[in-house]
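Listed in TrEMBL for this protein:
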- 95: active site, glycyl thioester intermediate (ACT_SITE)
- 197-212: compositional bias 'Low complexity' (COMPBIAS)
- 215-228: compositional bias 'Basic residues' (COMPBIAS)
- 11-157: domain 'UBC core' (DOMAIN)
- 158-228: region 'Disordered' (REGION)
């Protein structure tokens, strides 16, 4: 979606920047704000699923888009996280009165975010974008809650993808087994040890040879004395 920064008057951009900065510094409870430095007209948020609802335990990413007529016209809201809810369409679009006929320029973005969070607590089946969710909410709340909670578990809960994995059962390889530097160091030590052994063997052989030469010289000398 194209940015509307160039389409909004400077005074409106200043007001938006001021409000977004205040939201980021002091966000509503259970809502995190992720302002964009490149495009102040698109605000990304994360809403925690309220306790006591099928959305509890989930974190739902959402964005607000400010059009060229803001604040005369309301922002548009979209859930980026898949959710089973009567007032959220299949493409994530949000249907709530504050984003339509009940909008007033003085309400501000904080009021919009709180209203959308309240929508997770009190869905409105009368203005359903997801007709199946709206029908189940009215006719079979248990089934509605089960479907909503299932999609929350699948799409809105973090899981263990970033957690350290536990070691597998069975014997573990030595820590340096896969380290090429350790293998090279080990090979170097083995070579040095072999060199020392060879050197010792060589020294031992040389010493033994010198002893034999001396003994031979003594024997030759004795033989020469006998001849005299």
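Glycine too: its Cβ is placed from the backbone N, Cα and C atoms.
Bear in mind that TrEMBL entries carry predicted annotations, made automatically and left uncurated.
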Taking the Cβ of the residue listed as 'active site, glycyl thioester intermediate' as the centre, count every other Cβ atom within 10 Å, in any protein chain shown. 18
Across the domain 'UBC core' (11-157), what is the average pLDDT of the model, as a whole number? 96
Could you count the residues of the domain 'UBC core' (11-157) that DSSP puts in helix, in strand and in coil? 59 helix, 25 strand, 63 coil
